[in-house]
Amino acid sequence: MATLLRSLALFKRNKDKPPITSGSGGAIRGIKHIIIVPIPGDSSITTRSRLLDRLVRLIGNPDVSGPKLTGALIGILSLFVESPGQLIQRITDDPDVSIRLLEVVQSDQSQSGLTFASRGTNMEDEADQYFSHDDPSSSDQPRFGWFENKEISDIEVQDPEGFNMILGTILAQIWVLLAKAVTAPDTAADSELRRWIKYTQQRRVVGEFRLERKWLDVVRNRIAEDLSLRRFMVALIQDIKRTPGNKPRIAEMICDIDTYIVEAGLASFILTIKFGIETMYPALGLHEFAGELSTLESLMNLYQQMGETAPYMVILENSIQNKFSAGSYPLLWSYAMGVGVELENSMGGLNFGRSYFDPAYFRLGQEMVRRSAGKVSSTLASELGITAEDARLVSEIAMHTTEDRISRAVGPRQAQVSFLHGDQSENELPRWEGKEDMRVKQSRGEARESYRETGPSRASDARAAHLPTDTPLDIDTASEPSQDPQDSRRSAEALLRLQAMAGISEEQGSDTDTPRVYNDRDLLE
């Protein structure tokens with residue numbers, strides 16, 4: 001049996017192992033298309049600001065082709081470094097494209113104010129054609145800018161500090177688009193607006209240079225459809241991270257935005273580890289989780305072997321990303337989601353609409369959190385040197401904190417996944433009722449009758465007398481012995497009023513016919 005287990009572990013390890021690169025075969029190259037990237041040909045701030053202005057207008061032109069749009073975006077993304085040409089040549093290794101760099105300098109003879117640097121050749125007409133400069137004699141009204149502030153006609157400046165602020169503002173809006181351009185483009189607007197507000201408050205961007213939504217939609221769509229552009233952006237992020245010492249302010253801002261970009265599309269894998277394994281609840285000992293725990297262990301090893309590109313596997317369209325989907329460990333993922341919605345309010349808006357979602361293990365995670373509230377891990381306590389007395393104190397404080405958090409019910413709570421309606425009385429589900437459930441309902445019914453006959457104060461005494469001692473107390477209805485007697489009496493009276501009102505509404509709703517609504521218990525039949 002020990003040999004079988006060793007063979008199984010070796011099999012799982014080799015199954016999820018990435019392919020080993022061999023030096024015998026050559027690299028597979030695809031059919032390349034040419035991308036022209038304009039870069040400044042001198043160190044003048046005027047040249048850079050004028051090039052930035054022309055590229056922003058070029059991107060907003062709806063008639064621009066895809067490769068030309070990619071080249072313009074790469075040109076803007078590399079404008080913040082001293083030598084954009086060297087940066088692009090150093091980090092670009094794409095089998096699908098061939099990048100051609102065109103140096104741009106100032107010109108008084110062209111309509112765009114720029115021309116391509118050449119030796120004795122007049123390139124003003126070609127530069128005007130590339131930048132699609134509007135003819136002043138044309139009857140169509142030219143579009144001067146793509147900013148929400150219509151008073152901004154151009155962004156040409158002479159001051160390096162002002163240029164860096166304008167460039168940083170535009171780059172921040174472009175980089176934020178990468179976070180959800182591939183995984184959730186339809187719901188990206190809200191998160192992008194939050195990032196914009198954050199950087200505006202931090203004075204990293206200038207609010208007046210907020211780009212129009214149409215312009216941002218064009219860039220987001222291009223990022224989503226062009227893998228070569230995403231490869232360049234990821235390579236630029238990694239190159240910035242490898243840079244030692246202090247980095248330029250724009251580079252630090254890009255690293256800050258990278259925290260929202262990494263692990264995009266890997267939420268199921270990361271959250272399963274966070275809520276399913278790191279919480280270390282005893283439910284992990286179930287036999288049903290044994291195989292999936294082994295799968296997760298292999299995936300974590302594979303993630304480490306992939307190196308620095310692992311967090312970007314979805315953005316880079318790496319085929320190995322399918323191994324990390326929740327369909328490879330559905331039971332453990334469903335359990336982890338149940339734990340997550342109980343521990344964090346931010347998990348309440350997560351979409352669980354998956355074919356492999358298991359409601360039973362989702363409720364297992366919920367109940368594991370509820371019943372383990374206030375308990376201290378003995379293993380962790382021994383490692384931290386926590387005494388038994390300290391553990392009891394922590395448990396008592398944690399119980400009060402948990403009750404207070406649940407009673408306030410702050411934020412969205414998707415833990416309430418089942419809803420019982422008026423036509424679904426408790427008698428319709430007899431096989432789900434145990435002895436304890438019958439005793440609790442009997443005690444609640446007697447408490448309601450006592451409230452109607454004797455009033456609030458005597459009803460609370462009747463409720464306390466009829467409540468079974470072996471029945472688990474509900475944290476929403478039970479009071480702690482250490483509470484103030486007046487507070488306990490008021491809480492009991494308020495709860496009894498609500499229960500009495502609920503009983504009256506159930507009696508009134510039993511006479512009306514409503515369509516049958518299935519709850520999550522029916523899913524398990």
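Heads up, the Cβ atoms here are built off N, Cα and C, so glycines get one too.
As given in Swiss-Prot:
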- 1-36: region 'Homomultimerization' (REGION)
- 1-375: region 'RNA packaging and organization of the helical nucleocapsid' (REGION)
- 1-403: region 'Ncore' (REGION)
- 70-77: motif 'Nuclear localization signal' (MOTIF)
- LYS180, ARG195, GLN202, TYR260, ASN351: RNA binding site (BINDING)
- THR279: phosphothreonine (MOD_RES)
- 373-391: region 'Homomultimerization' (REGION)
- 404-525: region 'Ntail' (REGION)
- 418-525: region 'Disordered' (REGION)
- 425-440: motif 'Nuclear export signal' (MOTIF)
- 428-452: compositional bias 'Basic and acidic residues' (COMPBIAS)
- 477-505: region 'Interaction with the phosphoprotein' (REGION)
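Everything Swiss-Prot records as a feature, shown here on the structure.
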| residue | record | DSSP (3 states) |
| --- | --- | --- |
| LYS180 | RNA binding site | coil |
| ARG195 | RNA binding site | helix |
| GLN202 | RNA binding site | coil |
| TYR260 | RNA binding site | helix |
| THR279 | phosphothreonine | coil |
| ASN351 | RNA binding site | coil |
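Annotation: no binding-site residues among LYS180, ARG195, TYR260, ASN351 have CA atoms within 10 angstroms of the CA of THR279 (phosphothreonine). Spanning the listed RNA site, residues LYS180, ARG195, GLN202, TYR260, ASN351 have a farthest Cα to Cα distance of 32 Å.
Across the motif 'Nuclear localization signal' (70-77), DSSP helix (H, G, I), strand (E, B) and coil residues number 8 helix, 0 strand, 0 coil. Averaged across the region 'RNA packaging and organization of the helical nucleocapsid' (1-375), the predicted model reaches a pLDDT of 87. Looking at THR279, ASN351, the recorded positions in this record, the fewest other C-beta atoms within 10 angstroms of the C-beta turn up around ASN351. Long-range Cβ proximity for LYS180 (RNA binding site), meaning a same-chain Cβ under 8 A and a gap of 6 or more residues, is found for THR187, ALA188, SER191, GLU192, ALA264.
The Cβ neighbour count for GLN202 (RNA binding site), using a 10 Å radius and every protein chain shown, is 10.
Counted with DSSP, the region 'Homomultimerization' (373-391) comes out as 11 helix, 0 strand, 8 coil.
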